[in-house]
């Protein structure tokens, strides 16, 4: 192969960065579309917008990291923060999706206490993961020389492996619960089959992705060089890893979320407390995740609600 031909082939990391950039652009478009469709909020984003914004942060950070890899890898601490920080946010983003599923499932079952427990677990896992990573980064930056090096990197990989395992188990648990609950609905419901496919596909892909992430990171805690990720010299491993554990799940969920929330009339008055509560309840319906409520199937959803109530 000639030198000119070889130079014309894009670097694998540049392709990876471009894929992340495409996901980030899709998130921006979706946030804008939702903002134009949903009622105006005072200082608040919708559930979908928060999800897309978190995905936007992760994808943008990854794209910048892979485009600027030559500069980032020169500083050990910055390299760790740039690689592990977006990974933590990605984990929190999808853990938040599972939390939303748990809210729906327990609300349908009238299990308020379990909803509170699920939220407590979600916050606890996130606090532990972020606090541990912040401590590791602080030791890398300011600690004594003997505290730095491979031991801290293995500790960071172990923390992310624990968080990944938690998210994978949560997806498996609540994804299967929602799947079974949807199958219990009458077969005549127009959106039943679609919801079953959405929940089933997202659950399968996300469980697999986070399980793979957990296994790879766990192997990395053993210091095996052949399992190294976030090491730019390990090109094949990095490309396969990020495509499998972040790009594919993101692309699938963005595809499922391509529809917008239904249009709802904004409440006429927020003056009294009852009116405010009523408006917020209506707004909560508006913010329902498309994995549960379709945006373009308002009439069929009304029919489904009547069928479930009968």
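Even glycines carry a Cβ here, placed using N, Cα and C.
Because TrEMBL annotations are produced automatically, they should be read as predictions rather than curated entries.
Per TrEMBL, the stretch carrying the note transmembrane segment among 120-140, 267-287 is 120-140. Counting residues 6+ beyond its ends, the transmembrane segment (201-219) has Cβ neighbours under 8 Å at 91, 94, 157-158, 160-161, 164-165, 167-168, 171-172, 175-176, 179, 227, 229, 241, 244-246, 248-249, 252-253, 256, 291 in the same chain.
Beyond the ends of the transmembrane segment (87-108), by six or more residues, the same chain brings 47, 50-51, 54-55, 57-58, 61, 114-115, 118-119, 122, 125-126, 129-130, 133, 160, 163-164, 166-167, 170-171, 174-175, 177-178, 181, 206, 210, 246, 249, 253, 289, 291-292 to within a C-beta distance below 8 angstroms of the stretch. Long-range contacts of the transmembrane segment (160-180) within the same chain, counting only residues at least 6 positions beyond its ends with a Cβ under 8 Å from a Cβ of the stretch, are 84, 87-88, 91, 94-95, 98, 101-102, 104-105, 125, 129, 133, 196, 199-200, 202-203, 206-207, 210-211, 213-214, 217-218, 220-221.
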